[in-house]
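Enquirer: Below you will find the structure I want to go over with you.
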Amino acid sequence: MLGSDDFFYVGGSPSTADLPGSPVSNNFMGCLKEVVYKNNDIRLELSRLARIGDTKMKIYGEVVFKCENVATLDPINFETPEAYISLPKWNTKRMGSISFDFRTTEPNGLILFTHGKPQERKDARSQKNTKVDFFAVELLDGNLYLLLDMGSGTIKVKATQKKANDGEWYHVDIQRDGRSGTISVNSRRTPFTASGESEILDLEGDMYLGGLPENRAGLILPTELWTAMLNYGYVGCIRDLFIDGRSKNIRQLAEMQNAAGVKSSCSRMSAKQCDSYPCKNNAVCKDGWNRFICDCTGTGYWGRTCEREASILSYDGSMYMKVIMPMVMHTEAEDVSFRFMSQRAYGLLVATTSRDSADTLRLELDGGRVKLMVNLGKGPETLYAGQKLNDNEWHTVRVVRRGKSLKLTVDDDVAEGTMVGDHTRLEFHNIETGIMTEKRYISVVPSSFIGHLQSLMFNGMLYIDLCKNGDIDYCELKARFGLRNIIADPVTFKTKSSYLSLATLQAYTSMHLFFQFKTTSADGFILFNSGDGNDFIAVELVKGYIHYVFDLGNGPNVIKGNSDRPLNDNQWHNVVITRDNSNTHSLKVDTKVVTQVINGAKNLDLKGDLYMAGLAQGMYSNLPKLVASRDGFQGCLASVDLNGRLPDLINDALHRSGQIERGCEGPSTTCQEDSCANQGVCMQQWEGFTCDCSMTSYSGNQCNDPGATYIFGKSGGLILYTWPANDRPSTRSDRLAVGFSTTVKDGILVRIDSAPGLGDFLQLHIEQGKIGVVFNIGTVDISIKEERTPVNDGKYHVVRFTRNGGNATLQVDNWPVNEHYPTGNTDNERFQMVKQKIPFKYNRPVEEWLQEKGRQLTIFNTQAQIAIGGKDKGRLFQGQLSGLYYDGLKVLNMAAENNPNIKINGSVRLVGEVPSILGTTQTTSMPPEMLTALQPAFSRHRMTLFHLLNVPVMTKTSLNVNRVQEVN
């Protein structure tokens, strides 16, 4: 029975979720008719009393006393994983409620997330970490999860028994009172209790619906929130969002925030999106929510349809790429994928490393297989997949970790495992490739990688391309972009009597040897190691063909290479020799393989020194049978890999004899068609040749090394070279070349300006994706452009520009040359047309002035500055610039060597080191033309003459006249 202090709520309450026994959290929306309360003798016509304004009744909100169609809360559709909207701070302390409906066919996505103030807490390993109170709802592998942390640890509650990504609507209702609460999905309730004693959920800042902003500065993402760590945004529909019983008009919020990728409707397309085969380059297509999803893994491409070629990094054993994370990372789930190609059986591919612990997720080549090692502090878990992967072919690696579950896939070979122990959190500061530089907690450092990496994706981040394009500023890059022929640590044995010895080759149970050679000699000893009894191994060149000779105790055997032609052709050749546990021997020379299975003894018991390129003279007479060589190897050896050990042939040598030098110049002495790479110009010298690489963007003896390279980030950068005041050149002709890669549609690469007040300039820029040059040397802007093909495709291009007076050429790569020649009547032709109208006494001065003007208008006067990057003009270039050359100046090399005339500002960083062979000073210069002054008589009558010639007085021409007078 109602008492005088009791309340009767109709249609809702101020806090419906907090009403005792209330199974719902939302107020009613719709029509109620003839609401009457009866109890014994009491009859209250509540709806009538409210309509007439009875004093016992109070009305809250928008109540209309007639039945109308009530507008439903419009659903919104998150069309892309990047889409999201921000909701106001959720003011929930001790209790609160949230309900919504969702609908999708995609298995993963972050639906709701908000957190509180950062606090320092200790984790299970007694390490201090920044923690926050947080609340989140995520969809993971089709199941809905609630995550909650109120200060004493995270709980993760699975709220569904079956997958909820079937395209149907699901209603979610979450209610919390202190530490306890329930989450209901389609009325199926799951209770939860938060860890610890606190009953307060302390939140700050916005609540995010559908995903997270791209700029996550200030956000602290919990390790347990896997969708956030894996960059899984929600794609699907949300409707009827209520927070603490109050509806949120999310459609209106999306419109106010101009949220990209959010649409105010929800309809499911009936046609399968993959039926149109939208994915390119053999990518796998998957149907998502009203969209197709192209899985580019293993294709070497990226982008929405896998249409953009991914950048390749080449490693020579001394190179690496290291991504230094902006802050220490903690993850419980990782998605890693990449492609690699190598001829070596050993080498570090990718590893996470920590400055404070032994935590690591490491992938390396180990005996021709991919080895995955994960260590979270309780010892490593190891998986292997693939075999004979050192075949110089592309192989695809994928790693999926979810807590304790591990899965490694190499091409089609799958290995799975489960971590031991209680720890699931991986800590790391760096992601390293090629070489492991963080070695403090590593007992055995993996071998360096020689080969190529492409499409490195770590938790949704395509790091190689992000680093190359300047989208991130925290990568340290010492590897080279492009699919390069890798020649690591070459050494020249200049005579057949030259050789060196190394420590014993360790190849008792198995063996993987790799080396490269280049020679013009048909015969020579390359490698030899003797052992116990009759055991030995020898590799030699016999009549231009590789022989692999060995004895494991069963008598000598020889495997001969089956190359198509002799290999003493002064070209580099690759040799791979392997022996596995089943005693299968293989010899691979370039692409040709010979395999032989040997019965009997399987172990190779070697002792004594390993000889490279020859033997001491007295040893040849005691060589085993089947070894043909009686002389050493004359030529070059490189990239030597001895069962995973990469020796420095000179520094690691126990003994050296004869003429041995680093590098490999080769015997070429005359210019050949291929003497200089990348359109370098071969310059014949008396004792050989040199290559002029100035217009190639490359460097090195044969123009095949990258020039000094800088990456300009998306916030803009500037490299500014200023000529000394007494050394400013004036030129009649100019040459400009630079290599670049970018994806921007607009930006200035290089601009050269004359001294203030003169107005001459030359500018290389990208406009609407097309490369062009505009210059002004006295009158009007002259423009030349590559109209045919855009260059903002992320690929490396070399652009060359030449100017001779007003004539100019522009060429990109080896595309057709664009030419510009001045058109229209010359000043002399115009002079002849008006000559009759000029008084006779002025004819001579006018003619002389026009001749002088013609000479002057071909000169780029008093050049003062070279600006690289476009930041000073507000047209920012983003990407990489390499090997810039302008009229004898190699400006990027000068910047790398800290030239005092160069200033660097903004987001600019140097890639790798500047080769020492590159010059930093002006190699050629063009003396300025000596200009004559105008005759005073002509100067007095200049105004009249300008009118006769139909030339406006206040033009750059008139300024040029004054300038000439000042010069002289």
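Using N, Cα and C of the backbone, Cβ positions are placed for all residues, glycine too.
Remember, TrEMBL labels are computer predictions, not curated facts.
Residues annotated as domain 'Laminin G' in TrEMBL: 1-67, 74-266, 312-475, 489-664, 708-908. Under the heading domain 'EGF-like', TrEMBL lists 270-307, 667-704.
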Enquirer: Across the domain 'Laminin G' (708-908), what does the mean pLDDT come to, as a whole number?
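Expert: Per the prediction, mean pLDDT sits at 87 for the domain 'Laminin G' (708-908).
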Enquirer: Can you tell me which parts of the same chain pack against the domain 'EGF-like' (270-307), counting only residues 6+ beyond its ends and a CB-CB cutoff under 8 A?
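Expert: Same-chain residues near the domain 'EGF-like' (270-307) but 6 or more away: 77, 79-80, 104-106, 167, 235-236, 337, 339, 394, 396, 398, 454-455, 457, 462, 465.
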Enquirer: Pairs of Cβ atoms less than 8 Å apart decide it: which stretch in 74-266, 312-475, 489-664 has the most with the domain 'Laminin G' (708-908)?
Expert: 312-475
Enquirer: Counting by DSSP, what is the helix, strand and coil composition of the domain 'EGF-like' (270-307)?
Expert: 4 helix, 10 strand, 24 coil
